[in-house]
Amino acid sequence: MKIGYLGPKATFTDLAVTTMFPHAEKIPYSTIPECIDAVSNGEIDAGVVPLENALEGSVNLTLDYLIHEQSLPIVGEIIAPIQQHLMVHPYHAHHWTEVKEIYSHSHAIAQCHKFLHANLKKAKHVYMTSTSAAAKFVSEHPHLPIAAIANRLAAKEYGLMIVQENIHDHDYNHTRFIIVRKQNEPLKMDSPLYAGDKTTLMVALPKDQPGALHQVLSAFAWRKLNLTKIESRPAKTGLGNYFFIIDIDQKMDDVLIPGAIAELEALDCTVQVLGSYPYYII
Ligand SMILES: O=C(O)C(=O)Cc1ccccc1
């Protein structure tokens, strides 16, 4: 089985894929859209991309690309702990406090904001497509006084030295990665890491209807459907037009979720099921 992921080698996504699919052929892609496109054209059997971080919130690129560009079903989710380390080329190990630039994924930099503010206030932040792309860049420019924020595997893979460990601001730093496929077929994963099922809906509200969101929420509330996330994203059709991404803490059933969807549609909402899938906690 071929599984694509946000690369290059040694991203957090790579770690999640390796844990969940130890026997798969792993194919790295430089960006999230490239990975999602590869699933669409059938180059790979499934793609794994980051969706949401506990400290920084959603990876908007993933949500927006799935909603506006390539609509693919979510067939699974992996939740993994994230530990961020500061690393430099070994030449700079003894004067790492003098680095002028810090390279990483924007979420990784945001997760280490307090550390950077206290220790490397003057260094410029440079955003890369992933943490390991940053580590690779730092290793390829040994003469530059720069550092990367990435994981331990990236330090090893790209020959960098970790000069400060665990620099993320809060201990509870977890990321949700989603598994997307072309067809809505679950991957066979008899994993002891299985932790439950979820259903994700996209709901667009009717225009200018007072109380519409309240009515949407009550369709779930009186059915006792437990929501674990609600988030608004711009519909990209005009200022002030939003849709909602809603996660329900259970798998699609025959009665409750279809009933809630029918009620929302009767309120003139547009509803799309983005997936009903198992999740795994590493
Ligand atoms: O860049 C990576 O390594 C990723 O897999 C995306 C990411 C970035 C920051 C925290 C978690 C995942």
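Glycine residues also receive a Cβ, built from the backbone N, Cα and C atoms like all the rest.
Just so it is clear, the model here is predicted, and its values are computed rather than measured.
The domain 'Prephenate dehydratase' annotation in TrEMBL covers 2-182.
Annotated domain 'ACT' per TrEMBL: 201-278, in sequence order.
According to TrEMBL, the site 'Essential for prephenate dehydratase activity' annotation covers Thr175. Spatially close to Thr175 (site 'Essential for prephenate dehydratase activity') yet at least six residues away along the chain are Phe12, Ala16, Pro50, Leu51, Glu52, Asn53, Ala54, Ile79, Ala80, Ile82, His107, judged by Cβ distances under 8 angstroms.
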_For the domain 'ACT' (201-278), what's the mean pLDDT in this predicted model?_
93
*Within the domain 'ACT' (201-278), how many residues are helix, strand or coil going by DSSP?*
21 helix, 28 strand, 29 coil
